[in-house]
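Noted in TrEMBL for the protein shown:
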| type | residues | note |
| --- | --- | --- |
| COMPBIAS | 51-69 | compositional bias 'Low complexity' |
| DOMAIN | 149-521 | domain 'Acyltransferase 3' |
| REGION | 51-76 | region 'Disordered' |
| REGION | 112-143 | region 'Disordered' |
| TRANSMEM | 154-178 | transmembrane segment |
| TRANSMEM | 184-204 | transmembrane segment |
| TRANSMEM | 229-248 | transmembrane segment |
| TRANSMEM | 286-306 | transmembrane segment |
| TRANSMEM | 318-341 | transmembrane segment |
| TRANSMEM | 361-382 | transmembrane segment |
| TRANSMEM | 394-412 | transmembrane segment |
| TRANSMEM | 424-441 | transmembrane segment |
| TRANSMEM | 462-485 | transmembrane segment |
| TRANSMEM | 505-521 | transmembrane segment |
Amino acid sequence: MQCPAAAAMGRRRRPLAGRAARRAAGLWPGAVALGAGLAAAATARPGGRTAFLQPGTAAGPRARPRTGALAGVHPGAGLASGSTTAGLVEPGRPPIYGMGLAAAASAALAAGTRRHRSGHSTGAVSTSAEGGKADAAEPPPKPKKVRITAFDSIRFFLITYIVCGHFVSFAAPSAFAFRAVTQINVVVGAFFALSGYVAAYTSTENAERAASPKLLGTPPPKWALQRIFGYYPLHLLALVLFAPLFIYPDVLFSGLPTAIGNGLLALTMTQAWFPMHAEVWNAPTWFLSALTFAMVVLPYALRVLAKQSKPELRRTAGFLFLVGLLPKLGYCYDHNAWWLLEGALAPRAMPNLAIFNSQRFNPFYAVIEVLLGVVACRLVMLDGAKDEEEAPKTGSASVLLPLVGMAGVILLRATGVLALSDMLTRAVIFIPLFLLFLMAAHRASVLPKVQDPIVKLLSSKLLVTFGGLSFPMFIIHGPIGQLFYKKIIATKLWGGPLHVVCGPWFFYVYLALVLGSAWLIQKTFLSSKKVGSLSKAVVGRLCKAF
């Protein structure tokens, strides 16, 4: 049987037909390309200058081979598209028919031999007898991230509970209401878990075991500083605005050195490392102190957790759960605190306030809850990924049941039916339920059409707007509360705490003032481009310095 290239060389042959032709095409996948190359060489003008493609022509300098090009043939040679001439005629070169023909033939035959032996092409896309078209399968599109607005509303409800818990005693509540609203030590763990969840969602890839390019391309110190300076400017503003409110009691009762020391702790956000001084000045901002340490750890942890599969993530969650639980078991065992409702107890009634504060404030324990949030988010983000299980079927109960469980735990403890320490309730019951709630809300939010009624409600415009006020509410509610209810301050300003001067109803005025102040701060300070630019500049300088 003659080679199909013989026709281009002017030799006579009998045409191949039927199965023999198909077999020949399969044995010689480079024959068509070889024939085209020989035809191009045969049609060149005798004695003329050879037409051949130089690197960089037709597609620009350093042009890459197009899809469908054969290995060893210059880009743009036209073999895949069926053309016989391509490129530019280079002046000043002698005729090189033999060299061009040999190069084309050897390249095509080598490609055909490799394909015949290996069963598939390693460097090029197969070309059909008619000229060939690239048959490259496009990878499936990566799932897009949507903004989960329900998380903003969740943040608002959490901070509202915290605000009420700190000052509800001035509203003369019933014993049941007081016990129900003062379980702050339980609920605050949800803030850490939510912070980790959001960090994972924004810094790792959907349906892929990988961190985001932005995370990988940002040095960890810079990544951490960018997040810290997302909340530090408002923290600093509150310290400056209410400095007299903070300094006066310190100087009056403990002296100037104590006031300076407390001020440094608050200014540097290191107070959470000191169990008996974690609530100096603006007391609720101990949370920012613990969160700052978590932000330093996260850029390293996210890189590792982003690579884990679902089974690995579940094992990591179990390990983190046990590491967080052991210190709490030690606290309860050593001080027989198994059945205490610590949030409703006065500090002097605590069996060991320093140890209890270590459980509440220590940044190491906060990091564990943040990482649990990261793991929970990654379990959802890997739904349907390659070699991973599909997303579980979700319904209205998926969101409702964890929510009912969390509310039920709070109410059962308030009634005394469930007698369990704040620390154990937080670690064993509340945080796992909250993570299940976040995961269900996440899955419901990324569907093409959100159908879950609770997620729809949480994603409503009004609640999302309130969610945008949650951070300034958190920062400002402590100083405003001191202004009205701290005895030494309120006596100087109003003649006494306002729940005494005005009555318990003033508590609702206080809540309205907190909400209004948060709105004002959001509009004038947090939305300011100057504040954002200044924060960015400070981050840049700190990164250069360190």
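Glycine is no exception: its Cβ is also placed from the backbone N, Cα and C atoms.
Two recorded stretches are said to be in contact when at least 3 C-beta pairs lie under 8 angstroms, sequence spacing 6 or more; the transmembrane segment (286-306) and the transmembrane segment (394-412) fall short of this definition. By the Cβ criterion (distance under 8 Å, sequence gap of 6 or more), the transmembrane segment (462-485) is counted as touching the transmembrane segment (505-521), at least 3 such pairs being found. Only sequence-distant pairs (6 or more apart) were considered; of these, fewer than three Cβ pairs between the transmembrane segment (505-521) and the transmembrane segment (394-412) are under 8 A, so the stretches are not in contact.
Cβ atoms under 8 Å from those of the transmembrane segment (154-178) belong to residues 184, 187-188, 190-191, 194, 283-284, 343-344, 414-415, 438, 441, 458, 463, 466-467, 469-471, 473-474, 477-478, 481, 485, 497-499, 504-508, 510-511, 514 of the same chain, restricted to positions at least 6 beyond its ends.
Proximity of the transmembrane segment (318-341) to the transmembrane segment (394-412) is not established, fewer than 3 Cβ-Cβ distances being under 8 Å for residue pairs spaced 6 or more apart. In the predicted model, the domain 'Acyltransferase 3' (149-521) has a mean pLDDT of 93.
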